[in-house]
């Protein structure tokens, strides 16, 4: 039986040696509303910016974020960008950076200009030298890599074709790892898979796979056939082809392919998703899992990564919710116990760029009218918070005979619904304090209210949010249901 907790415990004992092209990823977010008078070029009104460790460094960050240790070997230039990356990697408790400085080249830096509203990339500017490292730098890289192999449980080569993974570095690293019985995973960039000869697993995306195999790779059967030929040439044990929204196909050498569909998710940014896949594959395989388990974990991690803005990492809690989607339906996870806990959830969602919705009510006896409102509310946002009147609040509003069910029971019923992400119980007569704290992007109520009657509408409108009124279902209300029950009517 699969145990996610046991897997996490095993992951925490693993050390991954990651070698590859380090870079700095910068994201400048803004909007374009006019053309420059100086040239036919859009003017970006910058609203904010983010800086992240990218490339193979993002692989290392994902390895560490999921709970394993990472020894990272990469190349930097003698510049401010390189020194910044060295400092940032050094501050990560689970990453041990071993960086080689090459004063003849700049540290790779990529700046992306992104539409804040649409999450679309408008422009990218690169600072880089992509030529292979010189012979003396190659030797320094190998001097950094080879002594670390004995400490590693698995080796991961992250090739961005920026000069670190030369043919010699690849060859000597794989040969030395094999002598020590270490498995090697390669996220390839070269169209010549033969240079990765002897690796355990190659993880190309569909475009890279098509270029390397000169096959159409239009169907899973075509991918499987071409992969067998490529594996014979590269002498590797398996090939995993990532296919974006079409999922992944893993082909073991001489075995039956395994196909995993992509998990449904709102894609915000695909930057670094391949890094996440490679990192999770490495740590899960190192932990002793089989191909299928590692592949499904990687697919779940990719779904989390692409739902975030920028170059992102995946945490164990996020992976748990994707691998075990029903685990997050437990009442103790969805029912908020304090303002501080609510703030922490909101902080995480906003960091991921998610649209937060809010609705509220007594929900004393759940009926189809409630379900319609909750379903419509969830459809208008990424995460839905339900404000629930406490028992004392219900008594003040509905009379001493209410509620029929106490607040904990009502909260647990709401928490069991797929449409509901959080339940927050409030003591006041109205949810105004909650709405002020949450500042939702969308506020939802039943259509028996007007927009002006919805508590908190002015707060939401002031922040540029929306107020959604959902048509009520005639004949369904808790008050009428209670009255009919007391009269013995059905």
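Here, residue 1 is simply the first one shown, and the rest follow in order.
Just so it is clear, glycine is given a Cβ too, placed from its N, Cα and C backbone atoms.
These features come from Swiss-Prot:
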type	residues	note
REGION	1-330	region 'Ribokinase'
BINDING	205, 206, 207, 208	ATP binding site
ACT_SITE	275	active site
REGION	358-490	region 'Cytidylyltransferase'
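The DSSP secondary structure for residue 205 (ATP binding site) is strand. For residue 207 (ATP binding site), the count of additional Cβ atoms within 10 Å of its Cβ stands at 12 [all protein chains shown]. With residue 275 (active site) as the anchor, the candidate binding-site residues are 205, 207, 208, and the one with the nearest CA is 205. Taking DSSP states H, G and I as helix and E and B as strand, the region 'Cytidylyltransferase' (358-490) has 54 helix, 26 strand, 53 coil. Other Cβ atoms within 10 Å of the Cβ of residue 205 (ATP binding site) number 18 in total over all chains. Each of the recorded positions 208, 275 was ranked by the number of other C-beta atoms within 10 Å, and first place falls to 275.
The ATP site is set by 205, 206, 207, 208; from the centre of their CB atoms, other residues of the chain with a CB within 8 Å are 204, 209, 210, 211, 241, 242. Residue 206 (ATP binding site): 17 other CB atoms within 10 A of its CB, across all protein chains.
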